[in-house]
Amino acid sequence: MTDRQAEEQQLAAVWESPKGWRYWSDVNNTVVGLWYTATAFAFMLFGGVLALIIRTQLAVPENTLVEAETYNQVFTLHGTVMMFLFAVPIFEAVAILILPGMLGARDLPFPRLSAFGYWCFLIGGVFVCGSIFFNSAPDAGWFMYPPLSTEQSGIGADIWLLGLSFIEVASIAAAVELIVGVLKCRAPGMHINLTPLYGWYVLVVGGMILFAFPPLIAGDLLFELERLLDWPFFDVTRGGDPILWQHLFWIFGHPEVYIIFLPAIALLAMIVPTFAQRPIAGYSWIVLSALGTGFLSFGLWVHHMFTTGLPSISLGFFSAASEAVAIPTGIQIFAFISTVMLGSVVRSVPMLFCLGALAIFVLGGLTGVMVAVAPFDFQVHDSYFIVAHLHYTLIGGMLFPVMAGIVYYYPMVRGKTLSRKLGIWSFWLMFAGFNISFLPMHLTGMLGMPRRVFTYGAERGWSELNLLSTVGAFVFAAGFLILVWDCVRPRRQEPDAPRNVWKAGTLEWAARFGDNYGLRSIPHIDSRYPLWDDKDFTRKLDAGEGLLASAEEGKRETLVTSVLDAKPIQILRVAKPGWLPMIAAIGLGAVFIFMTFKWWIPTALGFALFLWATLRWLWTGTAEIPEKESKDAGGGLMLPLYVSGVRSSGWWAMFITMTGDFTAFLALLFGYFFFWTIHPDFPPPGVTGPGWVWPVMAGMAVMLSWGLTFASRLVNAAGHPGQARFLLVAGGIAALVACLAVLAGPWTSGLDPTTHSYPAIVWTLAIWVVAHLATGVLMQGYCFARSLHGKMTPRYDADIWNVTLYWHFAAIMGVVTCLVIGFFPMLT
Amino acid sequence: MRGHMRRGATTIAKVSALLVSAATLAACNTEQSMLHPAGEDAAAVNSLFWAMAIGAAIIWIIVMGTTVYAVLGKKRPKSEKFADRFILLGGVAFPTVTLAALLVFGLALLPDWVRADAPDLRVHVTAEQYWWRIAYEQPDGSMVDTANELFLPQGQTAEFVLNSTDVIHSFWIPTLGGKIDVIPGRTNLWRLKPTEAGVYRGVCAEFCGPSHALMAFPVIVEAQADFDARLAREAAPAAASNDLFLATGCGACHAIRGTEAAGRVGPDLTHFASRRTMAAGTLPISAENLAAWLLDPDHIKPDVRMPGYDSLGQSERDALVSYLLELR
Amino acid sequence: MTEDNAVKEVERETGSGTDLWSVIIAPFIWAAHFLVCYVGAAIYCQKLGRDADLGDIRLLVLGATAVALVGIGASTFRLWRVRGRSLTDNDFEYEHDTPEERHRFLSHVALMLCVLSAVAVIYVTIPMLYLSSCR
């Protein structure tokens, strides 16, 4: 056996998926990505069945197929499933599956986090979907407006809130994973201007998730506090306001539309050049438009609230931003068209789906420009015109591109090619069915049909149009099923797809099918389309001439490079298969699910399980002290095996997570000031705030604990682990004192959170801070234990670096909260 | 500028409306259609719609035509510079100018008035699950209560003062103008100016529970004199009192002015039989419909607040029905 | 130019120069401008009543717009100079594998983002042309 074969066997053995039932403990991106994609499509099929029930009910006037109550559950769940269980997760799924290959990485930097996210998604999704079989699905529409959802909904509202909060955790986990992946795990030489466009989009979308999802999590928290504990955030009789929910929901909800759209467009950015047989035209234009869309999409949320009676001037601002976002969107489309113009097109099924996507999305975008004009929206808002518009954008901007991506990447992932004939059939049925179904809806809406009606009178004159829409929906479904069938049908007899079947130029096509480790060796990249520009590329790759061509220590290893120029800086050892991510997800799932039914003891047990699994997960396999300082990555390039501080991927993961967490805090703070703006007196007359004494003491204790943690890191690095441990203990005590002082303010002043929105929001902020301080104490204890067990030393100190970073954020949140609840009442 | 734009676009709108009517012969009911405006705002928005729709259609055809040409057409060598110019022109310059123009014209239609610009008429509308409480404010400040039917004087600006007692609803009369949400704890103001006499239909546009689809109201626009006469009729007390109505407790929820029935929970029934519909635009008023309603309202309107009266005998229900039909 | 400055110049071009953070300065300015306008008007109208005149808020919006455009303009000016150096060979692709190219690429993206942000800032000011009340 030659050396080369031995190396290959090592790699295969190290990265092999476990066999039998242990297969489900795998964490590798190719396996988890596949589960994720399949699960998202399964939920999509479920949501599709719900859609067909809706269309059948509306096929004829005064239909009695389902009753109003059932219909409401069906359309609520349809929207919820498609948005939260398909559109967003499919981005995470596909990115986990294909991103590492594109970047030339062996895996994402935190494989167990991907697996954890997947299990959260699966458990939460099954929980939410399953509710309809018990006639207890959410029934207040997918944006759950209070007071209908808070005061008149059954357990369905709790299932929606807790089930989806749980899934949002998975999204944020994926965002952390993918951002760090794009920034730090690119192949050497892959400068930021050579990164595949998909990577750019993932980076932008990951960033958007960090700022879009946390406001919804904060909103969910307020919502659930009202449902569970009667804290009146949205109850107008006690100083609440339902509009606050609408703000928090849509601050999430509009960026979410672009969180769905951009990754799908990113697939087009990979597919179009392949079939135009030339590099993408206007690479920098596309990067600009992805970034620009990412920003502008945060200035649009009020266009979902144009009819709530806000001042015209506010509507004007949001109309303007909603129009502005059309510019970067248009740029992307023109870049694709000019790529096609400059190239020579190979006709193929993915390209067909790309063109269909363009035709549908452009129309949806144009109606979007129309509804962005507030006075026009006053008319069509909540009518079938909007139903048509949103399906044009989502199906043209997301589903068709994803279908193109599925057909395109299927050979890479499954090793076989999909049928061209079935693909063409599927496309034309879907394209025709979609337009037959949704184009007439514009007119139905203009004729006055409101959204979310379970019935309509025969005399309204909408019957023919609705019947047409229903027929179209079934044709559409048939087209979709053909593709699904083609994906899942047994195809053992068929020949394997050749390597790089579409003759693409990007790195993900360089891998051989079946190699779980990705590329045979990690190449040096010097162009955007290495497979086109270097004819010798795959030979060199397969010969193991790149980096990390072997795995002699039996560890899973991938390369970490610098952010801008992708210079190799570390060999990162990533986790092997294990059950902990699944157990942690089950524990966290138990917390959310049992809380829905108010079963407090199982909830507590679930939390304990989650905590145990997380701590054990961190204890084993993160920041492990390597057996040697550095190793040869290949060609004599010596790279360290352990990095701590700002250069490490763990530090970035903490930074990104805490950015999201801090956004949620800002959303709660927004709630505080929102209540101030709507009330002439805030605090309300007769209520005194928590005073300034306790908040000041709390703030000082928070600062003390932060300072001690920071000092501990410095002292540890200076070579005094004993003193560092002492400082950690002192910091923990200070944090516990801070917890008590934060709570003492509202407690001693007798603020009762059920009486009014003011005490309720003060308590919420206090509890938020206490939860963070408590987590901080846990982290200090963790570092203490790591230091005691010799897993953290003055040289290997990643743990305390990351904990200190956490404390920076926790301290800011603590101090800001103390200042706001303590001093703001004095200013008003 | 506002008026000028409207005139220009109105011509387009008229031609296009003709085309649409021809294309959709089936859709002969225009009571609830925004393509058949009968009010100032609706007419302006209709013109805006046609201008935007035609523009959008042209843009769509050009973009898709270019794409199809690019895919199928003969290739001539084009440079990167060409692509750059193409994106700059099509993706940046054209949208920037067009969208700015659209904003300048479109936002001119935003409501912009101060309290000093008094309306001709003020109507207080309270949305409740699943019906509309309506009260006309008289010049002396007194109110005329009615429910589930709105009449408005032609050519006059009406201001609606909107409140909700339970969940969020939305007040929408497509032929007259845009909608406005009715939100508990907030009083929203909205102005509409009907220009064409006729019978139209308003609906709840924000999902508000199981009977959201069954929460409508007829809107009658008529000349000022007819309106005044009708308002005077509405202000008058009821035709008759009825002991059975009071004895069965109907009066606890429903008011019939001029009788002891003074409930404020459900719709005012003082001139019930003069209305065009019952159960908030759900059914035409007839003895059969009323009888079915009294027996099991939830069957007609899911989740309705009114209980069924199957405890009463057939003859008592019939008596109630004939009394209600007397309330003209 | 002293030798020291020349070294700094090269370093600026090739080293830190335009990094990912400075690329998004212009859209950040847009976001700040947008928030100032929206939050300012929302609080003003909520506190003064819906029949109030917009007077002071117009000044705030126009002032904020001026500040934002100056900020974006300053950024544009800096990036324009980089562009002058990078477009000498009609290079629209920015696809060479050097740190200089990466810097020019990011500067080019940042420059275009400046233009987009300026357009968005001006758009947001358009409603001010019409509206006079808090209605």
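Here the Cβ of each residue, glycine as well, is placed from N, Cα and C on the backbone.
As annotated by TrEMBL, domain 'Cytochrome oxidase subunit I profile' applies to A:15-510. Averaged across the domain 'Cytochrome oxidase subunit I profile' (A:15-510), pLDDT in this predicted model comes to 95.
Summarising the annotation, TrEMBL assigns transmembrane segment to A:74-103 (among others).
The transmembrane segment feature in TrEMBL is assigned to A:115-134 (among others). If you look at the transmembrane segment (A:115-134), the same-chain residues 6 or more away from its ends with a CB under 8 A from one of its CBs are 26-27, 32, 35-36, 39, 43, 46, 73-74, 77, 80-81, 84-85, 89, 92, 155-156, 159-160, 163-164, 166-167, 169-171, 173-174, 177, 581-582, 584-586, 588-589, 592-593.
Annotation comment: TrEMBL describes A:159-185 (among others) as transmembrane segment.
According to TrEMBL, the transmembrane segment annotation covers A:197-217 (among others).
Per TrEMBL, transmembrane segment is recorded for A:257-276 (among others).
The transmembrane segment annotation in TrEMBL covers A:283-304 (among others). If one looks beyond the transmembrane segment (A:283-304) by at least 6 residues along the same chain, the residues whose Cβ comes under 8 Å of a Cβ in the stretch are 143, 193, 197, 200-201, 204-205, 207-208, 211-212, 246-247, 250-251, 253-255, 257-258, 262, 266, 269, 310, 314-315, 317-319, 321-322, 324-325, 327-329, 331-332, 334-335, 371-372, 374, 377, 528.
Within the chain carrying the transmembrane segment (A:352-374), a Cβ under 8 angstroms from the stretch's Cβ atoms is held by residues 264, 268, 271-272, 275, 303, 306, 312, 315-316, 318-319, 322-323, 326, 329-330, 333, 336, 380-381, 385-386, 388-397, 400-401, 403-404, 407, 423-424, 427, 430-431, 434-435, 442, all 6 or more beyond its ends. As annotated by TrEMBL, transmembrane segment applies to A:352-374 (among others).
According to TrEMBL, the transmembrane segment annotation covers A:422-445 (among others). Long-range contacts of the transmembrane segment (A:422-445) within its own chain (CB-CB distance under 8 A, at least 6 residues past either end) are made by residues 55, 349, 352-353, 356, 359-360, 367, 380, 383-389, 391-392, 395, 400, 403, 407, 462, 465-466, 468-480, 482-483, 485-486.
If you look up TrEMBL, you'll see A:465-485 (among others) marked as transmembrane segment.
Distant neighbours of the transmembrane segment (A:577-594): 17-18, 22, 24-28, 112-113, 115-116, 118-120, 123-124, 127, 162-163, 165-166, 169, 600, 602-603, 605-614, 616-617, 620-621; these residues of the same chain sit at least 6 beyond its ends, with a Cβ under 8 Å from one of its Cβ atoms. Residues or ranges marked as transmembrane segment by TrEMBL: A:577-594 (among others).
TrEMBL lists A:600-619 (among others) with the feature transmembrane segment.
Beyond the ends of the transmembrane segment (A:760-784), by six or more residues, the same chain brings 221-222, 225, 231-233, 240, 615, 618, 661, 665, 668-669, 671-672, 675, 689-690, 698, 702, 705, 709, 712, 725, 728-729, 731-732, 735-736, 738-739, 742-743, 745-746, 751, 753-754, 792, 799-800, 803, 806-807, 810, 813-814, 817-818, 820-821 to within a C-beta distance below 8 angstroms of the stretch. For A:760-784 (among others), the entry in TrEMBL reads transmembrane segment.
Between the transmembrane segment (A:257-276) and the transmembrane segment (A:159-185), fewer than three CB pairs separated by 6 or more residues in sequence fall under 8 Å, so the two stretches do not touch. Listed by sequence, the residues of this chain that lie at least six past the ends of the transmembrane segment (A:197-217) yet keep a Cβ under 8 A from its Cβ atoms are 91, 95, 98-99, 102-103, 165, 168, 171-172, 174-176, 178-179, 181-183, 186, 248-249, 251-253, 255-256, 258-259, 262-263, 265-267, 269-270, 280, 283, 286-287, 290-291, 293-294, 297-298, 656, 659-664, 666-667, 670.
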